[in-house]
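Report on the following structure.
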Amino acid sequence: MKQYLELVAHVIKHGTLQANRTGVNTISFPGAMLRYDLQEGFPAITTRRMAFKSAIGEMVGFLRGVSNAAEFRELGCKVWDQNANENAQWLNNPFRKGEDDLGEIYGVQWRKWPAYKRIDTGNVAAIELALGQGYRQIAESEEDGQSFVVLYKAIDQIRQCIDTIINDPGSRRILFHGWNCAQLDEMALPPCHLLYQLHPNPQTREISLTLYIRSNDLGLGTPFNLTEGAALLSLIGRLTGYTPRWFTYFIGDAHVYENHLDMLNEQMTREPYPMPKLVISDRVPEFAKTGVYQPEWLELIEPSDFSLEGYQHHPAMTAPMAV
């Protein structure tokens, strides 16, 4: 994981001190990239103990469309507690439904993106096409003398992605994201890791992932997001018959919080250990072995289905999360 430490050092050396919404200053640098070959190992940080089970619990929660901190806790992940219940801006938001509510965050958008179509009532062909695509009419109205209908359906972006990997692996449109502009004000926290693009290669039977993160806390967020992205790529590869390969990780605003400097400076004095290996439980079907496509495992997967083999690490360290 030398790449990670080199990025931290670069941001600390070349970044600029900036104020932000959290009240804790950051040293920030625009534009950064990491790239890992998952055939060489799993990108878990080794210069301190990684909260692997917590990160995997969060990923499983996203796959289930979880929107409540209590449900994340049941999956072994407590990182959403503060954003749900201590974020003053969210606490005063009329869209918040009560204790532990997080609103329309990541997994809701991934699995149940709210899609609407407004179609003139005279365009019968377009209405019939939309109905055939699973939309249903929810309203009829008129504006400026023109009558129209409104249709709605929830889109499962991840299911669409893995269906496309199976049916059209040459597509360059296999992606999902959580940046729903219409619902940003309905979220405890707008998505940071916001766009995932999958790249299956039918010739090599390898699959790669490009992830774009608009804003990344290098001390706490990056290790979590690397773990989740690599595990998600490995799971999707297993369910579709591809070997996980390249994980490319782009960051828009790469930053270090001032109160994380002691932890990160200490980590940079530690020698990284070799990368561990991700192991997925035998109970999770492998398309490459069975030839049977079982997308329902996106919901059936459990945090306990993932483990690290050969994970050596330096002692654990902690730092506060900015909310």
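Placed from the backbone N, Cα and C atoms, the Cβ positions cover glycine too.
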Same dUMP site as Arg21, Arg172, Arg173, Arg214, Ser215, Asn216, Asp217, His255, Val256, Tyr257 according to Swiss-Prot: which of Asn180, Asn225, Asn265? Asn225
Site with most surrounding Cβ atoms, counting all protein chains shown within 10 Å, from the binding-site residues Arg21, Arg173, His255: His255
Please state how far apart, in Å and to a whole number, the two most distant Cα atoms are among Arg21, Arg172, Arg173, Arg214, Ser215, Asn216, Asp217, Asn225, His255, Val256, Tyr257, the recorded dUMP-binding residues. 36
Restricting to the same chain and to sequence separations of six or more, state which residues have a Cβ under 8 Å from that of Ser215 (dUMP binding site). Cys192, Ile251, Gly252, Asp253, His255
